[in-house]
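Peer 1: There's a structure below that I have some questions on.
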């Protein structure tokens with residue numbers, strides 16, 4: 001690894017012109033928040049339907065608010081602890097330390113606010129979508145309604161709800177980064193590390209907690225309701241139905257919004273750190289200019305989702321909005337690049353690295369092509385994920401056919417599809433990263449900055465992507481409210497069924513793109529980590545390469561310590577995924593026992609003479625989700641600390657590389673296999689292979705219950721895991737070097753920190769493994785025999 005000069009690190013300054021540009025970008029971010037407010041008013045202006053629908057929606061709202069309030073109180077304590085720990089880490093001065101800790105809290109607050117706002121509006125718009133679909137069924141004596149108009153109205157309400165969440169995501173992300181740059185100028189990249197960590201930590205907890213809640217309720221509801229009792233999904237007789245609908249909002253809405261918000265924040269962190277080195281003064285503003293363009297085009301894309309009569313389905317209108325946004329983004333970025341950036345590397349003020357300043361070529365070409373790679377990558381992943389998860393494509397149809405031979409072949413078919421699709425998606429992301437890397441030529445910093453710019457290119461589509469994702473749970477909840485109330489029938493029910501099918505596809509597609517944003521953000525952060533090692537080594541007077549360079553500073557994979565780090569990084573991804581899935585299994589078991597108890601002790605539930613106790617299941621899911629948060633979170637934070645202080649920063653870099661590689665493949669495998677099982681179930685429920693109630697249907701329900709924690713808990717949680725570990729590594733790298741070399745070298749301190757980190761991980765995993773599989777384990781007096789269903793006895 002070639003040693004780089006470090007004098008350029010303080011050379012870049014925020015010029016008056018760039019300060020004005022960043023201020024304008026901040027105004028664009030505020031405009032996104034204003035537009036979100038306008039969209040909120042439009043959504044809430046729609047009708048709410050019957051009293052029965054309003055009562056069900058109110059129960060969902062109450063459950064979602066109660067869960068998120070308890071979760072945020074829990075995370076608030078954790079955030080305060082991290083605030084003070086960040087003050088202990090090395091920085092150039094106390095102003096930087098204080099700024100890093102303060103903006104950690106701001107990043108955490110923005111991430112939580114994005115998730116909360118997404119959930120708050122989703123639980124209010126779902127009943128409005130159901131009410132809009134209800135208009136399709138005419139009252140006695142009324143003429144037939146225009147189904148296309150009714151469907152378009154319902155689609156617009158659902159997508160505008162997503163648009164609000166999308167605008168808050170990009171608006172708050174961009175506003176936070178702009179505030180840091182305006183306040184701290186050239187020191188902004190260091191302070192932004194705290195902002196990114198706050199966003200990433202809260203997003204990971206919301207992803208894990210929301211995922212456990214939603215899938216415990218979903219799996220429990222399906223196993224007892226569909227498989228054992230033979231009643232439909234969202235049937236009001238199922239005690240887990242309200243919890244299932246609450247989970248859709250706290251998991252898919254709040255979790256995904258926070259996830260993409262932190263991808264946004266973390267990518268900007270990496271782009272500004274590397275931009276300052278690679279593009280000097282211009283590097284402090286250009287990484288903000290690209291996502292600002294994305295904010296403007298997201299506004300266009302959201303309003304472009306206006307269904308037409310010629311559309312084959314609601315997906316046609318959504319795809320149209322996405323591609324219009326992407327194309328306009330590319331055109332505007334091209335204009336911005338050639339207007340803002342100079343035509344020669346020598347004209348990049350603030351760059352003192354001779355390898356960059358003396359480079360021939362045009363920096364505008366590098367910037368434009370790198371951003372274009374990110375935009376094109378988003379479009380390609382959208383199509384690739386759609387191919388493996390849509391009901392109209394061969395892979396899902398093949399899983400549907402396999403249901404004729406039982407649940408085992410359904411599970412096997414889904415696993416093989418997930419494994420295969422992971423390869424293609426990983427290759428596509430890898431090509432994107434490598435293509436951007438090649439743009440840098442002989443300069444490693446330019447190459448890494450190009451990767452970060454590809455990430456910002458991907459970010460230009462985030463506003464529309466969040467809108468697409470939120471569309472899924474809103475349409476799913478709308479169908480649930482309609483079915484529980486019994487007030488939407490005939491054509492109206494079909495409108496909601498069609499919307500739900502589109503929503504399943506949008507959720508699967510956005511998971512694929514979210515994984516790509518996570519990987520590009522992690523890759524860019526990896527570049528920032530390399531820069532941190534370079535700076536830290538120079539501070540203690542050590543070389544990074546050549547004769548006499550310490551082995552623990554080099555990321556040479558032929559060294560045993562680095563190979564161990566690589567394997568450990570991959571292993572953490574597997575352990576994290578296992579913990580998340582096991583948490584769902586335990587909590588789902590508790591839900592199954594509770595729903596069975598209610599059916600057994602309240603026989604009147606089946607003939608509607610008694611009402612289930614919905615609140616009991618909501619309480620179980622809330623308790624278990626919050627209880628299970630600690631172990632995955634501590635693993636993500638403590639594992640890099642243990643590796644870094646034990647094996648050194650070189651092995652820690654290899655650890656991050658192993659985590660990024662394994663995490664990419666694992667996340668895609670879990671997301672696509674789970675999505676394909678879900679849509680195979682929908683395919684059978686639409687009347688194929690025997691339809692609802694058939695053995696094929698029961699087989700696909702089992703497949704779907706296996707896939708639920710795959711696609712909605714473990715898979716999505718890997719995204720913030722990668723970025724949390726990268727940010728922790730980035731923050732501790734100077735401390736690891738400080739206590740390993742130079743005047744402050746201390747083996748005792750390193751060993752003490754490593755032992756504490758390992759003890760915390762071991763204790764967290766031990767406590768997690770000691771918990772029972774289900775609450776029935778703790779109730780030996782239960783005379784009922786345990787189910788022999790292998791999907792229940794997990």
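Each residue, glycine too, has its Cβ placed from N, Cα and C.
So Swiss-Prot has the following annotated:
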{"type": "BINDING", "residues": "218, 222", "note": "Mg(2+) 1 binding site"}
{"type": "BINDING", "residues": "245, 248, 476", "note": "Mg(2+) 2 binding site"}
{"type": "BINDING", "residues": "678, 704, 708", "note": "Ca(2+) binding site"}
{"type": "SITE", "residues": "207", "note": "site 'Important for ion transport'"}
{"type": "SITE", "residues": "252", "note": "site 'Important for ion transport'"}
{"type": "SITE", "residues": "259", "note": "site 'Important for ion transport'"}
{"type": "SITE", "residues": "712", "note": "site 'Important for ion transport'"}
{"type": "SITE", "residues": "723", "note": "site 'Important for ion transport'"}
{"type": "TRANSMEM", "residues": "74-94", "note": "transmembrane segment"}
{"type": "TRANSMEM", "residues": "163-183", "note": "transmembrane segment"}
{"type": "TRANSMEM", "residues": "285-305", "note": "transmembrane segment"}
{"type": "TRANSMEM", "residues": "321-341", "note": "transmembrane segment"}
{"type": "TRANSMEM", "residues": "365-385", "note": "transmembrane segment"}
{"type": "TRANSMEM", "residues": "422-442", "note": "transmembrane segment"}
{"type": "TRANSMEM", "residues": "446-466", "note": "transmembrane segment"}
{"type": "TRANSMEM", "residues": "508-528", "note": "transmembrane segment"}
{"type": "TRANSMEM", "residues": "564-584", "note": "transmembrane segment"}
{"type": "TRANSMEM", "residues": "641-661", "note": "transmembrane segment"}
{"type": "TRANSMEM", "residues": "717-737", "note": "transmembrane segment"}
{"type": "TRANSMEM", "residues": "747-767", "note": "transmembrane segment"}
Peer 1: Return the single residue from the recorded positions list (252, 678) that has the minimum number of other CB atoms within 10 Å.
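Peer 2: Selected from the recorded positions 252, 678 on minimum Cβ neighbours within 10 Å: 678.
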Peer 1: Using a Cβ-Cβ cut-off under 8 angstroms and a sequence gap of six or more, which residues of the chain neighbour residue 259 (site 'Important for ion transport')?
Peer 2: 203, 206, 207, 514, 716, 719, 720
Peer 1: Among 218, 248, 476, 704, the binding-site residues in question, whose Cβ has the most other Cβ atoms within 10 Å in this structure?
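Peer 2: Most Cβ neighbours within 10 Å: 248.
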Peer 1: In the same chain, which residue numbers or ranges, 6 or more beyond the ends of the transmembrane segment (285-305), come under 8 angstroms Cβ to Cβ?
Peer 2: 14, 18, 21-22, 25, 28-29, 31-32, 35, 39, 155-156, 159-160, 162-163, 166-167, 170-171, 173-174, 177-178, 181, 264, 268, 271-272, 275, 279, 317-318, 320-322, 324-326, 328-329, 332-333, 336, 340-341, 367, 371, 452-453, 456-457, 459-464, 467
Peer 1: Just to be sure I understand: of 245, 248, 252, 678, 708, which recorded positions have a C-alpha no more than 10 angstroms from the C-alpha of residue 218 (Mg(2+) 1 binding site)?
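Peer 2: So far as Cα distances go, the recorded positions lying within 10 Å of residue 218 (Mg(2+) 1 binding site) are 245, 248, 708.
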Peer 1: Looking only at residues six or more beyond either end of the transmembrane segment (564-584), which have a C-beta under 8 A from one in the stretch?
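Peer 2: Same-chain contacts beyond the flanks: 208, 211-212, 215-216, 219, 557, 624, 628, 631-632, 635-636, 639, 643, 647, 650-663, 666, 670, 708-710, 713-715, 717-718, 721, 725, 765, 768.
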Peer 1: Should any of the recorded positions 252, 476, 678, 704, 712, 723 have a Cα within 10 Å of the Cα of residue 222 (Mg(2+) 1 binding site), which are they?
Peer 2: 704
Peer 1: So among 252, 678, 712, all listed as recorded positions, which is physically nearest to residue 245 (Mg(2+) 2 binding site)? Use the C-alpha atoms.
Peer 2: 252
Peer 1: For residue 248 (Mg(2+) 2 binding site), which of these recorded positions sit within 10 Å, Cα to Cα: 678, 704, 708, 723?
Peer 2: none
Peer 1: Tell me which of the recorded positions 252, 476, 723 ends up closest to residue 708 (Ca(2+) binding site) in space, Cα to Cα.
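Peer 2: Considering only the listed recorded positions, the nearest one is 252.
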Peer 1: Can the transmembrane segment (717-737) be said to touch the transmembrane segment (163-183) if we require at least 3 CB pairs below 8 Å and skip pairs under 6 apart in sequence?
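Peer 2: Output no: the transmembrane segment (717-737) is apart from the transmembrane segment (163-183).
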Peer 1: Given a Cβ distance threshold of under 8 angstroms, which distant residues of the chain, six or more beyond its ends, lie next to the transmembrane segment (163-183)?
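Peer 2: Here the qualifying positions are 14, 19, 22-23, 25-26, 28-33, 35-36, 39-40, 43, 99, 103, 106-107, 110, 113-114, 117-118, 121-122, 191-192, 195, 199, 253, 257, 260-261, 264-265, 268-269, 272, 284-285, 288, 291-292, 294-295, 298-299, 302, 459, 462-467, 470.
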Peer 1: Just to confirm: which same-chain residues, 6+ apart in sequence, have a Cβ under 8 Å from the Cβ of residue 723 (site 'Important for ion transport')?
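Peer 2: In sequence order, the residues whose Cβ lies under 8 Å from that of residue 723 (site 'Important for ion transport') (at least 6 apart) are 196, 200, 262, 263, 266, 518, 521, 522, 525.
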Peer 1: Counting across all protein chains shown, how many other Cβ atoms sit within 10 Å of the Cβ of residue 222 (Mg(2+) 1 binding site)?
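Peer 2: That number is 24.
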Peer 1: Are there three or more C-beta pairs under 8 angstroms joining the transmembrane segment (508-528) and the transmembrane segment (365-385), sequence spacing 6 or more?
Peer 2: yes
Peer 1: Can you grab the distance from residue 678 (Ca(2+) binding site) over to residue 712 (site 'Important for ion transport')? Cα atoms, rounded to a whole Å.
Peer 2: 11
